[in-house]
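> Quick one: structure below, then a few questions.
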Ligand SMILES: Cc1cc2nc3c(=O)[nH]c(=O)nc-3n(C[C@H](O)[C@H](O)[C@H](O)COP(=O)(O)OP(=O)(O)OC[C@H]3O[C@@H](n4cnc5c(N)ncnc54)[C@H](O)[C@@H]3O)c2cc1C
């Protein structure tokens, strides 16, 4: 008798059933699958810059997302195994216990994530368990690009022009209707502790999981039709309607950019396409661009900058400036309001992020990597490619041909917060 094909499916930042290449392939190619998430010790540890790798806002969002993923998996006949510890050790143990011959995982592109992936693949090879990766992050599939990743253009506009008219976006993969698994015990989420409550002034109350992500689409597209004015409002800073707020769900993969793309096309078929509906796709392409840039040359996005003076973190002046920036005590109201919002909610608008990052690099002249590492801790929507890519871009160590992207903060405050509504919200 032939033995059953058993595979592990490693959920990471693709916490969904629909449009999940990993899961779809695993279900199609095996008899039994064991879905799992691993709370790696490093994920709850401290980075070399002295910040937590995952702060409380993201932990809470993650917990909610895992809870819902488990429920959805259970209703399809499966469930989620929650591991914790050192990835290569605990995944090895699970593969051995289950007799898994193959593991399906999301493709990684950033250095630390790749390092973990390589260690896990190395351990599993001792069990003859094959490690296969699948793309789950981007709108575009890398094999559909009209150039090899090594020839990715350095400038976004060139990238966009080369792909926009030539690359077809793949269709959303359906949810597997049923998932055959061995019996999976109830998940113990007490391993993840975060009861943080966002400040009531928060732009939006984020709730983890695919259900809330799809509800947000319904709200932003159909209930308010805010999508039709996105291009005009996207630089706003107060309230839930100025931008989509999809970022947190995208970052953990509760929803895929292709699901959003399909929803935009459906909306356009009913209410018409305009500059705003196009612009949301344009922003999703920025997201892809940072993902592909990381894949092309990941180390570039973690390099110190040559033009920042206060390099040493042991320097007292460095520590004081960093602390004041984090706590919103720089004395520049526009910067302080944004930093307080981030501290108390885990979110900040794109306009705010650009300004506080520029201020950090150009005005405070601090090593940009500390700013990026604080964002990594604090952001509910932290995404390694988007965060380090955007910071590097502003610090002049990424691909940006204009080396020094300097924002005149006073001018930005006048343009984007002309009545001080945003500053009053957070400073008074
Ligand atoms: C210094 C800095 C750090 C950042 N860190 C992150 C991060 O860790 N995670 C993250 O998702 N975004 C990050 N961004 C990008 C951007 O600020 C956020 O994606 C956006 O503010 C989230 O709000 P939204 O979903 O309402 O955006 P919308 O304006 O509604 O945009 C829709 C989606 O497009 C994508 N997008 C928009 N702008 C960008 C951009 N500049 N780069 C890449 N993708 C973009 C996001 O996925 C976003 O959800 C950063 C930007 C800067 C300047």
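Using the three backbone atoms N, Cα and C, a Cβ is placed for every residue, glycine included.
The structure displayed is predicted, hence computed values, not measured ones.
The annotation domain 'Photolyase/cryptochrome alpha/beta' is assigned in TrEMBL to 5-139. Feature annotation from TrEMBL assigns FAD binding site to 230, 243-247, 283-290, 381-383.
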> Would you count the other C-beta atoms found within 10 angstroms of the C-beta of residue 230 (FAD binding site) for me?
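By my count, 24.
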> For residue 289 (FAD binding site), what is the tally of other C-beta atoms lying within 10 angstroms of its C-beta?
24
> Which binding-site residues, if any, among 230, 245, 286, 289 have a Cβ under 6 Å from ligand 1, given in order along the chain?
245, 286
> Measure the Cβ-based neighbour count of residue 382 (FAD binding site), defined as the other Cβ atoms within 10 Å of its Cβ.
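There are 24 of them.
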> Helix, strand or coil by DSSP: which one applies to residue 286 (FAD binding site)?
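In the DSSP reduction, residue 286 (FAD binding site) maps to helix.
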> Within the domain 'Photolyase/cryptochrome alpha/beta' (5-139), count helix residues (DSSP H, G, I), strand residues (E, B) and coil residues, in that order.
60 helix, 32 strand, 43 coil
> Just counting, how many other CB atoms are there within 10 A of the CB of residue 286 (FAD binding site)?
16
> Just jot down the residues in the same chain as residue 245 (FAD binding site), at least 6 apart in sequence, with C-beta under 8 A of its C-beta; none if empty.
203, 204, 206, 216, 220, 347
> Note down the number of other Cβ atoms within 10 Å of the Cβ of residue 283 (FAD binding site), including every protein chain shown.
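I count 17 other Cβ atoms within 10 Å of it.
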> Under a three-state reduction of DSSP output, how is residue 230 (FAD binding site) classified: helix, strand, or coil?
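In three-state terms, residue 230 (FAD binding site) counts as helix.
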